[in-house]
């Protein structure tokens, strides 16, 4: 009996676990703090206060996927990105620990969401991002085409004398009345609806085509719905695009569809550059089939008038993918993206994510499977980080000491502020959470 007592090990109380000793991580080494990286930017001042108690935040400022640092490829659990780089399957396979990508914006055509899902990487967006700004910019482009303010300004800058009625008629040739014109919207999501409300105030008759939208919305907004793209093109004096880009609508506006438009119609695109065949558009502008076009997005970005099919196209207004931008919109988008990353760290992927766009492709990877309930006591709820290849148990008394994340070529990011534990109300691994899915239909522009 004495021999048994000699080798008998007293079970440690659960509340003593946190006293300088961390629970063992299952299936992998201990990772003190997950790494979250901003891939194509360098300003983390908005994101860091939201994530500083959970993760080390760093940036790459990459202009291409080849510039993403090896440390990020090997260690980053979460990534945030704008629209300036593209992640293909080959690029996604280079990430060793990545579990969630948040696109700071509404469009996600620059990420292979199917490949990401198959690799166990959730992709999220901010569907409400910059709706007001994009709608305002779209209406500005429409008004500019009708009232020709840009061309009138250029004429004065070039020294054109405008005094007599004949001179006014010559320099303002092409200006048209707005009231009574028909504006056709392709895609009637958040931005499309915001444009419709604004356009009606200027006297437009608004019609829209959106095969994904349920019936009834047209009645509440006082607009007319058409059920084929051909009908919309045939009836519209001005066509504006408000749909996401996918494999089904690439070059939606091409030589064939342009010929279905009214002679001398206008075209506006502040959605995605790939929706318009720029070669066909340039030819239509030169021939006068399209009276004028305004583009905020382009097939190849950054856009330059010095090259590409549109360099010699007349009656064309181009802006550098800035329709979405305002200080307020940028702040809101970044806060929403960081908050989504926080949900991913503290909850389950993809169940805890509010705006995951690739759930149908998502495959739960083995290292991130449901935690054995015997491994985590209920008192530690909210203090467990799901970090591959295992689980990091964090004491309720606090997180590990602050770490410094340095990405060569960027500014060192140091966390000196005291850290605190997760809120106790954070969802446990097997606790169901409510989430919203913004993919009711693809036309959320």
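Using N, Cα and C of the backbone, Cβ positions are placed for all residues, glycine too.
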382-413, 414-445 - the range that Swiss-Prot marks as region 'Disordered': 414-445
Asymmetric dimethylarginine: annotated position in Swiss-Prot, out of 22, 33: 22
Whole-number Å value for how far residue 244 (NAD(+) binding site) lies from residue 321 (active site, proton donor) (Cα to Cα): 15
Cβ-based isolation winner (fewest other Cβ atoms within 10 Å) among the binding-site residues 270, 323: 323
Fewest other C-beta atoms within 10 angstroms, as judged across 247, 296, which are the binding-site residues: 247
Candidates 191, 244: member of the binding-site residues with the richest Cβ shell (10 Å): 191
Cβ neighbours of residue 321 (active site, proton donor) where a neighbour is any other Cβ within 10 Å: 20
Secondary structure of residue 247 (NAD(+) binding site) (DSSP, helix/strand/coil): coil
